[in-house]
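Below is one structure, written out as structure tokens; the observations come after it.
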Amino acid sequence: MSLVEFSGDVFLVAFFLYCFSFLFYVIAVTGKRWSGREPREHERRWGKIAFVVSLAGLAAHLAFFFTRWAGSGQIPTSNMYEFMTFLAMAIMIAFTIVFAIYRKPLLGMFAVPLTIIIVAYASVFPSEVQPLIPALESIWLKVHVTTAALGEAFFAVGFAAGLMYLLRVIDFKDTSKSGRKAQRWVEFTLYTILVIVGFLIAVFAFRGAGYEATFTQEKLVIDSQGQQQDVKETVHYYLPPIVKPYNSQAESVEPFLGLDKPLLEAPSWMNGVNAGRKLNTVVWSIIAGTLLYGLLRLLFRKPLGAVIHPALEGVNPEDLDEISYRAIVIGFPVFTLGALIFAMIWAEKAWGRFWGWDPKEVWALITWLYYSAYLHFRLSRGWQGLPSAWLAVIGFVIVLFTLIGVNLIIAGLHSYAGV
Amino acid sequence: MLAVENTKCECGHQNAVGTVLCESCGKPLDAALQQSSEPLEMRYDGVARRSQKSNPAIIDRIWNFFSSVKIAIYLIVVTFVTAMLGTIYPQESSFINSFDATTYYEENYGTPGKIYYELGLSHTYESWWFIGLLVMIGTSLVICSLDRVLPLYRALQKQQIRKHHQFILRQKTVYRSEIAGDPKEWVEKFGAQLKRKGYKLHFEEGTGTALLAEKNRFSRWGPYINHIGLILFLLAVLARSIPGWQMDSYVSVPDGDTVPIAGTNYYVKSEKFNVEFYTDDELPEELKGTARAKKYETQAVLYKCVANCDDPLKEPELEEVMDHNIIVNDPLVYKGLKLYQFDFNLTPRLNAVSPILEDKRTGEIYGPFYLPMKNPELKHQLGPFTLEIRANYMEFALDSEGKPTTLSREPNAPAFIFSVKGPGLAEEGEPYIYFPMQKDKVKFAQDTINRELAGKIEIRVDGMENVDFSEATTHLNVRMDKALPYLWVGAVFSMVGLILGSYWQHRRIWLRVDGTELALGAHTNKNWFGMRSDVAGALKKIGVEIDPKTLDNGGNNA
């Protein structure tokens, strides 16, 4: 067995350990009020078990990272699969650091599932080792990507704590206008997370079933001599095509529930590589996420926020506020260093300019400006607590857009990272 | 009549207008604030900022505007929102080829594209308003920092040790109890524990029953150091618009050629350009069969012109200064001049041929003679034949009137028109057109053009050894950026400031014992959790067990 294959196996081990750890965190937090238990003792014991299991998961994850590095001879951060697995690992590292400071098992209940989702998301992308293209052949690939991801991981922990804060303080019995508004937005946040889960379910279900559809797409490409050229490309779909690529013909479409031809066409302005397929995936994610959300609503017969809320009772919201703030404060310098300064040094070495207003660069700057605004807001009266928690949640949406959205929607120099 | 505010504290200290907490004893000055029991707002220790001066003049008003953190936040928000808008469609600057921006956006993106272009969002980052926003952020950075750092510095320089009860007990972290025994001894014992945690101790002189313990004051300067770094950075960015501070151009160098770098005194030669691709063995399944580049490399030599540089009639005298294999991520760097691998072209380019002349009537062969595409010798003597170049074309074509013309100055389809003199030919010479490349010879029907002369003589190349061509042309990006060192210095300052401000926190503990009554208040600029555990930890060491959480006096986590 080669090192790379071995690394794939330990990665799977890490994934399952994370799942168990999540389960134990849930037991630690929600099991406090089970009958015949001393709540403090219960939380302490199960919190410890959960933390040890999450540490074991992180150890397996680190083993994956380093064996893959050794086996392939290049740091595994060079494509979407590798980057996402690294980001998940960074979130676990950030979580471990913040947990070591505050020792709140509750944090695990929110940070670990985030890691699980990202690990699953990584597995959507092809996991083969791809040899480096010349642009990535640099020491800065190691330095820039890892530090940027670690900074973002702290923002992720800030997001987890912020979301917990919201679920903790928002009163689901409040029927005032502002109360309802807050409830709706929390519900929407949870729904969004379910859409991502829905995406994962859709991708893995159809992949398991071996679904495929093929299109040929005609594209006008302007080559380096300024000549327009018609290029024909074959686009493979692994989810039933609701949306077909712009300006394309169906080659073969396996029927699915009577769907044997695409219903819609992707708009022409979607520029990225395989934009049509990505749009189709988004549509599927929304469908699957909505179904999932509907099912959960049927099961619990109340808003999901109200389902989670009672588990958080007894938690001091100020602690959550401080954890969220602290995680972001810890992450901000790391992010500045990795995503801006190291990025500029590399850009200067590779392209001869430290800054070029490439979409990925602009979005890194936007993320940075956003969090600097957050840090200044914290200095102002009235912005602690609820508004801060919302800012932490929205901030992570911006981080995710920078990491994934830019590659999916906007083409640019970082487009090699898109799949 | 203007009301004169009494800013003198009961402790006798005269405070500046706008002071919230007495600079000396810490008692709130405002009557309403004195009545309340809410935790105090401790920003900048409650000292007056410059912007809180009474009777602002116009300069003060501008100062006040930029000194507001609220304005700073608005500026940041507006900047990142406009930056977002700029990424909706590609920026004009991202197109290397010339294109017509006036029509491009509408053609490709329809009406939204047109609006995008009309609003100037297609060049957001070069627009006056975006640069204006950056300049305003810079101004705000300077003024906000100056407005706060100086008063804060003063306040921290002259801290009084025994603070007012209102001040101590309205901190966010508070402990209050009765103590037994000698107060001085208690304070000393507690102080010793704090000292072990790295606090600096200041006991009240004489009594020894009041204590100020402080650590990591330097972390308060972190944000200001960061801001200095950011200002340096922004200034460096602006300095790049000074003429001569930066350069961004491209040179194309065919293999073996030496090309001047415009705007400099340098010449660059490409010994050879190489491109390597991964073999299928090195590629994973789904990439097999694709041309995945492994390496682009230009073996470059940099020359400096030492004489005859500006004289077009003389050959410039070159002196080699450096050779370097330029690859992506590894440019040639010489005294601030940088050459980057940018692009390449694998179309071979003909440099020279060494053709022979055959007298078809006798079968005799004369030559070969050397015929470079650029600057060939005008006259060649080959046995009894004389060749004189009448005209040469780099990219031969016929214009609308059927006359020969050239499409470019690159030897893509070279052609030579000779006037040939020799035995059996007209006295004044006969014209002969010669296409060195076989494809052109066929395309333009060389033999038909030359008519009967084609039957008498032929100029041709025998064998590839008589052809000199460049296999590839490398495109290099030439850069120079004098602002870079300043930029990096700014970045370093910024990082140092961020680290100081984020990973250390300024913690202060005030305590006073009046008789048996202990009042303890603690303040930090960040991380209250750590502040409370410091206090609880030190208390525990001297035998007072409390849950750190009980020290929390409410208020916000600033």
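Cβ coordinates come from backbone N, Cα and C, glycine included.
Residues annotated as transmembrane segment in TrEMBL: A:6-28, A:49-71, A:83-102, A:107-125, A:145-167, A:188-206, A:282-300, A:327-347, A:362-377, A:389-413. The feature domain 'Cytochrome c assembly protein' is assigned by TrEMBL to A:78-189, A:312-414.
When Cβ-Cβ distances under 8 Å to the transmembrane segment (A:145-167) are tallied for each of A:49-71, A:83-102, A:188-206, A:282-300, the top count falls to A:83-102. Secondary structure by DSSP for the domain 'Cytochrome c assembly protein' (A:78-189): 88 helix, 0 strand, 24 coil. Within the chain, the transmembrane segment (A:327-347) has long-range Cβ neighbours (under 8 A, six or more residues past its boundaries) at 94, 97-98, 138, 140-141, 143-155, 157-158, 161, 353-356, 361, 364-365, 367-368, 371-372, 374-375, 392, 395. For the domain 'Cytochrome c assembly protein' (A:312-414), the model's pLDDT averages out at 88. Each residue in the domain 'Cytochrome c assembly protein' (A:312-414) gets a DSSP state, and the totals come to 81 helix, 0 strand, 22 coil.
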